[in-house]
Each structure stands twice: as structure tokens, then as C-alpha cells.
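S.K.: Please see the structure below; I have some questions.
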């Protein structure tokens with residue numbers, strides 16, 4: 001069994017070692033040399049260096065290739081178009097994963113090499129310990145035989161020199177003592193022979209250095225491969241996150257990784273070939289490195305340990321053992337004879353010590369015989385050889401393959417990475433810009449621009465009015481593509497808000513204006529001029545003009561009714577008299593003339609708009625109705641084909657597009673401000689269809705307080721203001737009686753015509769204050785949110801209740817108004833070609849000329865006026881009208897398709913004749929009609945005169961009240 005184990009437990013050369021050993025070994029002159037492992041031979045080391053230079057050559061080639069590629073990229077200054085780097089990123093990711101796998105393989109090979117080297121070192125330590133033990137045992141045996149037994153034998157010989165009677169026994173005693181001494185010498189020589197060759201064997205230095213190198217190599221290799229893994233991870237992160245910085249970092253560090261990988265490949269290749277050469281015949285390497293004192297046969301015996309070979313130390317051990325046995329036998333004879341011959345000498349202890357030393361020496365020889373056996377040394381040799389040539393060499397080869405593959409992959413990765421990051425644009429830094437202002441327009445530079453901005457609303461490209469600008473909250477967003485903005489939770493509140501009108505910047509809740517009502521300094525000047533002209537005109541002329549104007553209006557209304565219904569879209573009404581007592585004005589005829597001229601301009605504009613837009617019906621009331629000759633239309637007129645849609649779906653416009661609706665070139669304007677102001681000032685109520693108006697209610701409502709004096713105080717120079725104020729106070733008492741007379745006459749005529757047109761009257765429905773209160777609260781909240789209301793700064797205390805309101809631009813600079821006289825406009829109106837075709841309104845720039853106060857109107861939410869029953873046949877059946885700025889307002893008629901058209905331009909003679917008739921006509925019914933200082937006078941005349949040079953432009957296509965555009969003073 002032992003022979004079989006000895007036979008099967010032999011070293012076999014691994015296949016990897018054979019392959020590596022088969023590699024050609026060339027010197028510097030490219031001559032093939034012996035491939036035997038000779039680490040101390042320079043030629044052999046030269047051949048290993050040449051083999052290791054192959055990866056170094058590949059390193060140089062790869063670096064040159066990368067260098068040329070980078071040079072071409074650096075020299076290429078052409079702008080690169082947008083290029084898809086998805087394929088490059090995918091390829092780079094795949095190569096990176098493969099490189100990580102190669103690095104992992106290198107880590108596995110490093111662990112195998114580490115384990116193989118540990119086995120070699122462990123086996124070497126065991127062999128070294130065994131040799132040391134044999135050497136120590138032989139040394140102890142030799143010391144015992146030489147230093148302890150031999151001196152005792154010498155002492156015994158001295159004792160035996162004493163004379164004795166039995167010479168024969170004495171001679172036999174000396175012979176046995178000499179045999180003991182001789183055998184001890186033989187045993188000592190045998191032990192010395194065993195120890196002598198082992199004295200030069202010492203692997204302690206080799207093992208210690210091996211431990212040190214392995215302690216550095218293994219963690220160093222792990223750290224290097226881990227660093228490569230980190231670089232691969234950086235590359236993967238850069239590819240995943242499209243990071244230009246990470247890719248550039250890998251490009252720089254990748255060059256170092258490529259260099260290190262190729263250098264490690266060369267080192268591993270040389271080491272692998274060397275270990276392969278060693279593993280072909282490790283015993284021969286041991287023989288070549290064995291000390292000179294160690295015989296070759298001894299080393300080969302221990303490395304091969306063949307059963308047929310004799311142990312070189314066994315013979316000497318056997319000789320030593322035989323010598324000790326002979327010495328012990330002889331010592332026994334000596335003890336027997338000496339004890340008989342020398343009884344009184346005390347030899348017993350000495351003889352016992354010699355026997356004890358001989359026995360210990362024999363035991364040492366027995367142990368030494370077991371130590372010098374080749375089985376233990378051969379086992380350790382096989383363990384070391386297998387650990388190095390099988391596990392260690394395999395791990396080294398794996399590291400060689402891993403480093404070679406990693407070097408190639410890293411070279412590819414660096415090239416692809418360098419080709420990839422040039423197509424990744426650097427991320428643009430965020431520009432340091434100021435936060436945009438939430439006010440969509442800059443503040444006016446001076447007071448004039450502020451006033452122009454306050455009087456003018458922006459228009460869009462179609463000439464229609466754009467929504468107002470409401471600033472003061474940063475939550476207000478710019479208009480989106482949506483056509484409608486649902487701002488309120490309830491439909492009725494939203495409808496009330498839509499009926500309200502637009503707001504200007506910084507307006508108080510009560511300052512609701514229509515887009516076209518541009519009252520301001522220009523209007524104040526026009527009012528003052530009209531007052532002066534009225535004061536200079538005779539009463540007869542004014543009465544004649546007023547009478548002629550009323551007749552012309554009646555004729556025009558009848559012609560309009562015969563042609564097909566109401567014509568104008570925009571109805572301008574005379575303003576209320578600015579003074580509470582019209583009877584104080586004596587020169588009412590002059591004011592009436594001026595008012596007739598102003599009303600003539602409105603008539604021209606109504607005719608133009610009527611011929612462009614045609615006849616429309618009222619969306620709110622479809623029942624046909626008629627208007628009296630002195631009445632005006634206060635409802636919006638909407639095309640008949642859109643009225644059912646609007647009635648069913650409600651107003652499709654948001655609250656920030658109130659009163660402005662464009663459909664097939666038509667503009668529908670509604671205003672809620674007039675009703676609210678009339679209600680707050682105690683003005684007239686809106687008549688309904690089914691409630692007859694009360695005469696007492698009509699007469700007890702006073703006109704609104706005067707605003708003429710306030711405008712004169714604010715906008716006129718001090719001298720002009722004082723003169724104008726004195727004239728105004730002198731004329732108040734004279735004009736009041738005449739104006740009252742003309743107003744009664746005008747009211748009788750309107751009631752007669754209204755009784756003919758409308759046989760049925762309705763009761764007066766008081767204006768509801770619920771909707772007015774909601775509108776006022778909404779306006780107040782908007783006013784609180786205004787930035788101008790807070791002194792140009794946003795006040796966080798006020799929470800805006802309206803979101804998503806559009807912020808259109810307001811014209812920054814107002815151009816100078818174009819001067820056109822009223823006579824030029826009259827001439828243009830006469831030469832204009834009228835057309836009954838429905839046309840889109842002309843594109844008009846924002847009004848930049850002096851404006852006149854258009855007439856006060858009603859609101860679209862009030863029902864149409866009823867037809868009053870005949871109160872008195874003696875006065876011609878004049879119905880009780882509604883006082884609305886001095887004119888009887890007919891919010892609706894009996895026929896929706898029949899409307900009174902505006903009168904044609906009056907001639908001067910006709911104007912005077914009309915005013916004469918109006919002055920002579922008695923007030924039969926005794927009703928006083930307040931209309932701004934004269935029956936039918938427009939703009940609250942009576943406080944001044946209108947010059948011919950003053951410009952009175954046509955009003956823009958919208959309906960407004962007399963409220964002023966206000967700019968809150970900061």
C-alpha cells in the first residue's frame with residue numbers, strides 16, 4: 001500500500017507549464033537559448049525580458065494610435081453637426097462591462113496565485129523546520145556522545161588502573177571499556193555525517209522575503225484592479241448621465257490605465273513563462289540551487305523519494321545505532337567486572353550515568369532515523385510544487401489574460417470615449433438675468449404720458465378694444481391660448497362681472513369706465529368752449545336749432561323704421577346736466593346750438609356705423625319694439641343669428657373681455673357702470689316691460705352734481721378759470737327757465753312719438769343692488785391688488801382674488817393728436833359712400849385726440865322700457881320717459897327690428913328755426929326734462945362755448961359713461 005502511494009504521489013508537470021515552457025526563448029540577438037529555468041543566468045533573464053517586451057510594444061502602438069487620433073481631433077476646427085451618440089454609448093457600455101469582467105478575472109487569478117504562493121511558503125517552512133530538526137538532533141547526539149559519555153569513560157579508565165589481584169578480569173574489563181569508547185566514537189561520527197550536509201540548508205531568508213513580497217504584491221494588485229473598476233464605473237456613470245466631465249476624466253485616467261495594464265501584461269507574461277520553466281523540473285532547480293555540502297543524490301532522493309533508492313543518511317544512522325548497541329553491550333560487561341574487582345571504589349553511579357547517556361543517544365538516533373526519511377520532505381516538496389505550478393501558475397496566467405484583455409479593452413474604451421465626449425455639448429450656464437416685472441408696461445415718464453395712458457386703452461390689430469391691464473399681483477399670469485377664462489365659481493356672478501366693463505390701472509371701485517369714454521383735460525376744454533359758445537348765442541337761434549334737430553330726428557327715425565329696423569350699434573346719449581339747477585342758465589339757446597353741433601357729429605358716426613354693420617336685433621329681448629323719436633337705444637344690438645346661441649350658452653367671453661365681443665365684424669358693448677352710478681347718485685330707474693313709470697319718480701330724481709366746475713378748476717389756467725366761473729354763475733339763473741321750457745316741449749314730442757310707436761308700457765323695475773354690490777366688491781378687490789394703489793409696490797397683505805388675467809401692453813408714448821375740425825369731418829361724412837353691406841369695422845389706432853364726453857347710457861341687464869299709457873291727450877300723448885342724462889331713454893321697443901336712426905346733419909338755418917320753435921313751444925304737461933343745460937344738448941353744455949378750431953373727433957365704437965379714466969396718484 002505504501003509502495004502504491006509512493007508511486008501515485010509523484011509530481012506531474014501541468015499542461016499550462018508545458019505550454020509556457022514551449023514558448024521560444026530568444027536573446028537580444030534573436031538566438032534561441034535553453035529554456036531551463038535559470039534565474040541566475042543573464043541570458044535566460046534576457047529571453048524573459050524579450051518576451052515581456054511584446055506587451056510593451058503593443059502599449060507603444062496603442063499610445064501612438066491614441067496620440068494620432070487626439071491630434072487629429074485637436075487640429076480639427078470644423079463645427080460638428082448634431083450627431084447621435086447612442087451607438088457609441090451602447091458600444092462604450094458593452095466594452096466597459098467586458099473590461100469589468102476582465103478585471104474581475106484578474107482578481108480571481110490574483111487570489112489563486114496568492115494561495116499557490118502561500119502553499120509554497122508553507123511547504124518550504126515545513127521542510128526547513130524538518131531540516132532544522134534533523135540538524136539539531138544530530139547535534140544533540142553528537143554532543144551527548146562526545147561531551148558526556150566519553151569523559152565518563154576516561155574517568156572509569158583511571159579507576160581501573162589501580163592494581164588488582166585478578167589480572168585476567170582486569171584485562172577483560174579494559175577490552176570492554178575500549179569497545180564502549182569505540183562505539184561511542186562511531187556513533188558520534190555517524191551523527192556528524194548526517195548533520196554536516198544539512199548545515200548549509202537554510203530557507204529562512206527566502207521564506208521571509210517571500211512573505212514580504214507577497215504581502216505587498218497581493219493587496220497592491222487588488223488595489224490596482226479595484227482602481228480600474230472605479231474608472232470603469234466612472235465611465236458607466238458618465239455614459240448613463242450623459243456627463244461630459246466624467247467622460248473627459250476617464251479619457252485622461254484611461255491613458256494611465258492602459259499604460260499600467262500593458263505593463264502588467266508584460267510582467268505577467270515574463271513571470272508566467274519563468275514559472276512554467278520552473279514547473280517543468282522543480283527538482284533540477286533545487287539541485288542547481290542546493291549548497292555544495294549537500295550531495296546531489298541526497299537532494300534528488302528527498303525530491304523524488306523513489307522507493308528503490310536508499311536514503312543516504314540511513315546507512316550512517318544504522319552505523320551509529322549499531323555502535324551504540326555495541327557500546328551498551330560492552331558497558332554491561334564493564335559493569336559486571338568492575339563491580340567484582342573494585343567493590344570499594346564507588347563505581348556504581350558512574351557506570352549508571354554512562355548507561356543513561358547511551359540510552360538517550362540511542363533514542364536520539366531512533367528519532368533521527370524517522371526525521372531523515374524522504375516521505376516528509378517529498379510530501380512538502382509536492383505541496384510546494386503543486387501550489388506553485390498548478391494553482392499559482394494558473395492564477396498568474398489568469399492575471400496575464402485579464403491584464404492583456406483589459407489593456408485592449410481600455411485602449412478601445414479610451415478611443416471610443418474620446419470620440420464620444422466631443423459630441424456632448426457643455427451644459428449652458430444659467431444666465432444671470434433680473435427677475436421680470438409683473439407689470440406688463442413701464443410707468444409713464446411724465447405727467448402727460450400718464451394722462452395719455454389713462455385716457456387711452458390699447459387696441460388689437462382689428463381695431464377692437466383689448467382687455468384692460470390689472471396689475472398689482474404677481475400671481476396674475478399672461479394670457480394663454482385659451483379663448484375663454486372661467487374666473488368665477490358661479491355663473492351668475494361671472495355674468496355680472498362680464499356686464500361690468502373694463503378697468504384702468506389704479507381705478508377706484510366706483511370709477512368704472514368704458515373703453516371709449518375719454519374724459520379728461522381735452523374734454524374739459526371742449527366743455528368750457530361749448531359753454532362759452534352757448535353764452536354768446538342768442539336764445540332764438542338755440543331754440544330754432546333745437547326744434548329743427550328734433551324734427552330731423554323724427555324724420556330719420558321714421559325712414560329707418562321703413563327701411564328695416566334699427567341701424568346703429570352704438571347709441572350715444574346726452575349726459576345729464578352737470579348743474580343741479582338748470583333754470584339758472586339764461587343763455588340756453590346758445591348752449592343748445594353747440595349741443596346740436598356736437599350731436600350732429602354723433603349722428604354722422606351713427607350713420608357710418610349703421611351702413612357698415614347693418615341692422616341688428618337685441619340679444620336680450622327678441623320681441624319687436626319701437627323707440628320714440630326722442631328716445632335712444634340703450635341695449636346692445638346683436639345679430640339675430642347669434643342671439644339664440646348667446647341666450648342658451650350665456651356670454652362666451654370672460655370677465656376680462658366684458659362688453660367687447662367680435663363676431664363677423666360686429667362689436668357688442670355693454671356697460672354696467674352707468675346703472676351703478678345712477679343707482680348710487682339717486683338717478684332714474686330702468687323701466688321694465690310690465691310696470692308703468694311713475695311721473696313722481698321721474699320728477700323727483702335730481703340730476704347728478706356738477707362736474708364742470710371741478711374740471712375747470714383742475715385743467716384751466718387761473719385767469720381762464722375765474723372768467724369762466726363768473727360767466728357760469730351769471731348764466732345759471734337765466735338759462736334755467738328757458739331750458740326747462742325747452743325740455744318740457746322736447747319731452748312732450750318724445751312722448752307723443754313713443755305713444756304712437758309703443759302702445760304698451762311697463763312698470764318701472766328698480767335696479768337690484770345685489771349684483772351691484774358684488775360688482776363693487778370685485779372692483780374694490782381689484783383696486784386693492786393694484787400696484788399703483790400701493791404706491792408702485794406690491795403689497796403682500798392683499799390676496800388677489802382674480803387669477804390668470806391677461807396683461808396686454810399699454811402704449812408707452814402717446815402721439816400728438818391729429819387736429820381735425822368739425823367742419824372737415826362733416827365734409828367727409830357728406831362725401832362718404834354709404835353701404836348697406838355688413839362690414840368689419842375699420843382698424844383704428846387707439847384714440848389720441850381730444851375726446852368729448854359721450855352720452856350716458858343704460859345697462860344691458862335692465863329690461864326694455866315699456867310703452868306708457870296716454871296720460872294727457874291735451875299734451876299730445878307724451879309718455880312719461882326716463883330721465884337719463886337729460887334724454888328719455890328707451891331701453892327697448894315693441895319691435896326689435898325697427899329702430900330709430902340718427903338724424904342727418906342739420907343745417908344752420910334749420911338749427912336756428914328749430915330752436916325758435918322750441919323756445920316758443922309751451923310745456924303742456926309741465927314735465928321738466930333735465931339734459932345738461934338744454935333739451936337735447938350733448939355733453940353738458942351751457943358752461944362755455946365751442947370754437948371752430950377745436951377738434952371734436954368721432955367717438956370710438958363703444959359705449960361709455962361719463963366716468964373719468966383715473967390714474968391713482970402715487
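All residue numbers here begin at 1 and follow the chain in the order shown.
The backbone N, Cα and C atoms fix where each Cβ goes, glycine too.
Small disclaimer: the values here were computed from a predicted structure and weren't measured.
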S.K.: If we trust Swiss-Prot, are residue 84 and residue 422 on matching sides of the membrane?
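M.R.: Yes - Swiss-Prot names the same topological domain for residue 84 as for residue 422.
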S.K.: Annotation N-linked glycosylation site in Swiss-Prot: match it to one of 136, 872, please.
M.R.: 136
S.K.: Of the ranges 6-26, 27-47, 48-68, which one does Swiss-Prot list as transmembrane segment?
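M.R.: Checked against Swiss-Prot: transmembrane segment maps to 48-68.
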S.K.: Of 166, 833, which one does Swiss-Prot label N-linked glycosylation site?
M.R.: 166
S.K.: Can you check which of 247-267, 268-288, 289-309 Swiss-Prot lists as transmembrane segment?
M.R.: 247-267
S.K.: If you check Swiss-Prot, which stretch out of 90-110, 111-131 is marked transmembrane segment?
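M.R.: Transmembrane segment, as annotated by Swiss-Prot, spans 90-110.
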S.K.: Average pLDDT across the topological domain 'Cytoplasmic' (69-89)?
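M.R.: For the topological domain 'Cytoplasmic' (69-89), the model's average pLDDT rounds to 73.
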S.K.: Other than its close neighbours in sequence, what residues sit by the transmembrane segment (247-267), given a CB gap under 8 Å and a spacing of at least six beyond its ends?
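M.R.: Sequence-distant neighbours of the transmembrane segment (247-267): 52-56, 58-59, 62-63, 66, 224, 227-228, 231, 234-235, 238-239, 399-400, 403-404, 406-407, 410-411, 413-414, 417-418, 420-421, 424.
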S.K.: Between the stretches 48-68, 220-240, 396-416, which wins on the count of C-beta pairs under 8 angstroms to the transmembrane segment (90-110)?
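M.R.: Looking only at 48-68, 220-240, 396-416, the most contacts with the transmembrane segment (90-110) come from 396-416.
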S.K.: Which residues of the same chain, at least 6 past either end of the transmembrane segment (220-240), have a Cβ under 8 Å from a Cβ in it?
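M.R.: Residues 89, 92-93, 96-97, 99-100, 103, 106-107, 110, 246-247, 249-250, 253-254, 257, 260-261, 264, 399, 406, 410, 413, 417, 420.
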S.K.: Where DSSP helix means H, G or I and strand means E or B, what are the helix, strand and coil counts for the topological domain 'Cytoplasmic' (241-246)?
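M.R.: Result for the topological domain 'Cytoplasmic' (241-246), in helix, strand, coil order: 4 helix, 0 strand, 2 coil.
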